[in-house]
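J.: Quick one: structure below, then a few questions.
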């Protein structure tokens, strides 16, 4: 990485200044020459950094073949601003250059009143009809993710006829993963690869070459399930069909990579107490909206523990130590709960939480007893070291251990129960589990310590 | 999902019992027939559920073409056990069937003393040499991820000659993404697609068709950077070269999907306070090893706050309320810290933390002042509602607000500083940030409240 030449594009301040200078000088030729060298994803990175006016200048300068791809790669907030500054006609021109799935995504991002206007300006009638079809599907389903572009052959064709027609179809398909074989009713009956085709004899019938063992998903399948299927079977593309097995479209692995990343980001943000879809560079208002609700939840939890502790105010004079340990108890309850819930949520996401609930209960209790015991010993040792009353140390240690066991059980079973009820278990990680475990933990701590010390 | 026929394989208890029964009856024919229907990934799922003896029975029954793929899909712990029960000769037979990247991964998982033995039993000398080459690369680099299987053509060939030879090479390559064009010194000079080839005239020279604008990575590039490049440029395969641009291998998107998932899982687990690489179904000992260290860290933090609070024991009689609010303060400091660090860590991972540190400082202070102010109002309202002394309420609210600002700054800048020093910023999420913010928060809380109330 350090010294050797790095092929990865590096966005530098010098480059941005160069672009801004050419725009200021209206030196279109130099600007076009400079940008031509870059991949559209790199141009998008540059445009994400300059101000809107400059970005619009570049977008109007470059041809729509390039800018349509640049648009797709822009940061969502910036894309929204750029689209707002383009006329319906200009957006339609960009859309003509895009694959149907990207085209539908762009249109779906527009305000509703502009959508129909933009669609009406698309000149290619086939493209328009396909985009309209895609817009009808829920964005979280296979239909919402698929593209209409694919290479399709009829089982009755010969290899030679097939190659001839594929040369036509393939022009519209940026990457040919599989060739899908359909019967005369357009139903999916098999697949073959370009490799099969070029290694076959030209007079062979497609039906002979076609592999009928073809994976597919239904158009209403949830995108997360599509992602699981494609990952499990290492697929790079999968055809999408309706209930009659009519071939409707295909989903490619690059779209799935985005689904996987978004899913992982969402779970991570929920665990960290952030409503989804914010980035470090979003506005303060957006960030506040994403963060404040979770903090209010935490505040209510904290106020709950204020109440609980007020209830034990009487013993403050006799065993003040208990009060000094409450942040520790809350922290342990929270940490253990987060650990347990994170493991379960990840296990549920990867489909590897198996076996009976009872076995899981036994295991979680065993695990938390081991952890709790080790931590309790440390607490007793600490108490001995600072010359704390032994009964109090033992009471604190034992009740902490109980809190740890309960926190682990809450952390394990709340996500499982949510999942069984069809609710995303990831909401039970982070602030939700920490807050409830804080209150529960502090309450249990005083009750159990009270039993041992006797108050 | 509910009622319609689901094409996704569903592992049922009935199926597992069926498999176990056939094994018990030694009904090899029925067993083979049953398993033949399933994809190797499904067979692996079955074998992950039955006991080791039964799994070994199935592995010895099926041919190595199937079992080699099954092996790759097994849970890592189970694969280790299965490999332990196979002879060096048997492992070598499985490896003969695998692509070089998978073969090298399997060998790397073996205990060192068995590696050489297994390698010596591989009969195909070319395969053996390639695997040995791959084993020499660090597993976190492009070299450790790449496969030697690829389709390579010389720029001087004609389309017809090329197609003829590709028919040979393509047999060993499960998916042809791109055809790489090299010069006579084996240096990468371009690429072309099968589509380009079949749409070209047969007498054309490869050099005319070849696209010299080919992305590539160096063999020592970090896999995470390879993942970023492939995602950014939507690549499905990328060639790997040495410093002289000699073509060494290629990396495909399915391997990158695994890298992305592992990376996301690792960050998630660090945020939840779990050392990486544990699953819900791991043993209690493994889970304890992954969880206890973080809990001990949290315990030390908690004991730290015990010390701090003991230092303020004198004011317990006069302002007991402050002590009731410590879990709330710790929770807020922890939650705010986790939110800030999670946003920054995700931003760093996605390369979208840009701009100056000073601007980020201003923004984070502004953001936490807004959140803190809203929460402080709620605390004052709560105090009013429960009839708490107003000065105390204000003191608590104001010091909580200060704690929130400091916690946000710690959560934001610790990951940035770690990242600048080349340390994985993800370690600064979760228990690490919560624990330090807990201690710091409680200390600040008493100091600032003391200033306002006057003690």
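One-based numbering along the chain as shown.
Using N, Cα and C of the backbone, Cβ positions are placed for all residues, glycine too.
What TrEMBL records for this protein is below:
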DOMAIN    A:146-208  domain 'CBS'
DOMAIN    A:209-266  domain 'CBS'
TRANSMEM  A:292-312  transmembrane segment
TRANSMEM  A:324-345  transmembrane segment
TRANSMEM  A:365-387  transmembrane segment
TRANSMEM  A:393-418  transmembrane segment
TRANSMEM  A:430-453  transmembrane segment
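Explain the structural surroundings of these features, please.
T.: In the domain 'CBS' (A:146-208), the DSSP tally of helix, strand and coil residues is 22 helix, 17 strand, 24 coil.
Non-local neighbours of the transmembrane segment (A:292-312) in the same chain are 273-275, 322-323, 326, 330, 430-432, 434-436, 438-439, 442-443, 446, 450; each lies 6+ residues outside the stretch with a CB under 8 Å from one of its CB atoms.
Long-range contacts of the transmembrane segment (A:393-418) within the same chain, counting only residues at least 6 positions beyond its ends with a Cβ under 8 Å from a Cβ of the stretch, are 321-322, 325, 328-329, 332-334, 336-341, 344-345, 348, 353, 357, 360-361, 364-365, 367-369, 371-373, 375-377, 379-380, 382-384, 424-429, 433, 436-437, 440-441, 444-449, 452-453.
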J.: DSSP says what for the domain 'CBS' (A:209-266): how many helix, strand, coil residues?
T.: 25 helix, 16 strand, 17 coil
